[in-house]
């Protein structure tokens, strides 16, 4: 079945739909978005495109209350902008290997059970998933006894303890870089980094896949003034972003993409943090500041709405139709090694 797409410039294009059988073919479909042609059902519908079938049926934009495309023409994913059954079925054809890196250092091992149990209910169910658990207390991990689905497993990786929570945050990028190089490169096609102090509440599927997927920070997604984003503003830091620059403010608590693209991101954040450290500089929001600098000049190929990381501290507004992951309330003074300071 071929569909005709009409764009504002009155250019008429006809595309033949096909089912991709490899990540490379999937990327071909993704590239179509760059010319503002959005496939019905399993990809995001661009608000500037009108779609009609040979029978004359017209497909309307699924969400008019939110922006569903970035200014560099990649999808901004919200509930109601994709067909979960169709998109999961398409990606299952490639049978991708998915890795999830989580850091459970110090008392954060107490969050493992809830993260894993809810992840097994909601995160890429029926896909092959390996949870890479970085911890300074390997003895605690066997105590997290949960039933894993078919093709899903846990790999435990030792890391040093930390005296400051900031060391844990910066250490994520260091140990992610080292471990991808040594091990994960041969074990995963897609890779996610997630904060362990979170619970999954609703489905997360293949709509989250792309070369590089970043999540809008819940605190700033409605803010259109770049000057209000909490970027690093000190020129001495490698994370510096001048006032007037920037697209969005992204969270570092959830991100994902092709393994090589995630490797490039975490390695950048690690190296830039090291350079700052040599100069006795610590970016305002640690690795999240370096992440935002990287994404300013290396645009995500997909942006995920704050549905993909909310917080139990905040009320859920009307435009968040579903909370997929939420960070837990906690006593930072109790769980962080330096009392949250």
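The count begins at 1 with the first shown residue.
Glycine is no exception: its Cβ is also placed from the backbone N, Cα and C atoms.
Curation does not apply to TrEMBL; its annotations are automatic.
Feature list (source: TrEMBL):
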type: BINDING; residues: 103, 104, 105, 108, 195, 196, 197; note: UDP-N-acetyl-alpha-D-galactosamine binding site
type: BINDING; residues: 195, 197; note: Mn(2+) binding site
type: ACT_SITE; residues: 288; note: active site, nucleophile
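If you measure from the Cα atom of residue 108 (UDP-N-acetyl-alpha-D-galactosamine binding site) to that of the residue listed as 'active site, nucleophile', you get 19 Å. The maximum pairwise C-alpha distance among 103, 104, 105, 108, 195, 196, 197, the residues recorded as binding UDP-N-acetyl-alpha-D-galactosamine, is 11 Å. The Cβ neighbour count for residue 196 (UDP-N-acetyl-alpha-D-galactosamine binding site), using a 10 Å radius and every protein chain shown, is 22.
According to DSSP, residue 195 (UDP-N-acetyl-alpha-D-galactosamine binding site) is assigned to coil rather than to any helix or strand. Here the CA atom of residue 195 (UDP-N-acetyl-alpha-D-galactosamine binding site) lies 12 Å from the CA atom of the residue listed as 'active site, nucleophile'.
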